[in-house]
Amino acid sequence: MAAEELERVRPEFAQRASTALIKQLVDDLLSDKVLNDGEGESILEENPTRADKARCLIDTVRKKGNEASKKMIAHIHKRDSSLHTELGLGCDQPAPQPAELKPKTEWSATLIPTTKEFWEKKQNDTNIYPVTKNAIKKRVALLITNMEFTNPRLNRKGADKDEENMEILLKTLGYQVLKHRNLTGKAIEDALIEFSRHESIQATDSVLVVIMSHGKLGAVLGVNSAHAHDNGQSDDPDEFAIDKIYKHLGTERCPALKDKPKIIVIQACRGEEAGAVLVCDSAKPCDVPQPSPPVSAAEEDLEDDALRTAHKEKDFIALLSCTPDTVSYRHPQKGSLLIQYIVDIFNNSAHEDDIEELFRKIMYRFENASIGKLKQMPTKDRCTLTRRFYFFPGL
């Protein structure tokens, strides 16, 4: 039996398997869906030594039964036939075939540039937001990351990696990044107001706002949050209401952004005990305001001579790290799953997909991803885009 074979060779496999081989086998077994994302992360990150990783890999797979064990043996043969022979494993195991007749997805680690042909094809499409090369040069983004809090127990391990990854991505997409760290709720609002008055706002084709901190329903928390009591309650809450983003960047207060896409990403978290490999975050979308009363028939018949009204809130789209009343997850070395997946999807698809499709692909990536028995699903919020927006990276 294949599971018994793996148990037999466990000591020697732990001694001889290289780190590179272990990583390759984990990738192969993730592709076969023998392992889920959480198990793969656990094998590679929770075990301090190479031998421990090897033992954990074998133990995890053999407990899943003979079919899973057969696939691992086949991958050992494919990746390191010499080790396969030296371990005395059977040589008649065929390499497992993918579930679908298509090659394994290869994720690009860098942003794939759009082609000139694709950009030119879209220029006369009235269903997309206008993008010019000059406007790309004026792109500006706001990046706020709260890592260190007055209460050290709330410090967000891995947030520095999120900041690094997002800054690289934003710059590669052509955005000048205005970066802030460790702000109070009031300072977050001040930074947003200053951002809304930036000299490039008038000429840009879009803006991006990324805020990463602890959070609760409808708000992200400032660095002085919950500093008064160990139970996480504060006599003077330090919060920034997410709704203020829409007010400060909306048409009324920032007319320079009228008819331009305003993209918001919120990675807001609820801290867990220090030292946990996966840190539990919590972000919830704020309540959607009720629509205005319907226009009466008499009002519909009115004509204007000179002035036209504009929608108070339009051309927004937000991605929040999870659905209401659920949690999201952050790795203390790699950063949050949301930011990792944003970088992956944008690197590989932003050259040909619009922002709504990019967000859909991120959500789809989460659909089958899990951390052990845990689940996470980001949510799009308050989308008022009327056309498609393409980043056209690399122009």
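Using the three backbone atoms N, Cα and C, a Cβ is placed for every residue, glycine included.
Just so it is clear, the model here is predicted, and its values are computed rather than measured.
Over in TrEMBL, the protein carries these features:
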- His214: active site (ACT_SITE)
- Cys269: active site (ACT_SITE)
- 1-91: domain 'CARD' (DOMAIN)
- 137-273: domain 'Caspase family p20' (DOMAIN)
- 306-393: domain 'Caspase family p10' (DOMAIN)
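Note on His214 (active site): other Cβ atoms within 10 Å of its Cβ, all shown chains, come to 24.
In the three-state DSSP classification, His214 (active site) falls within a strand.
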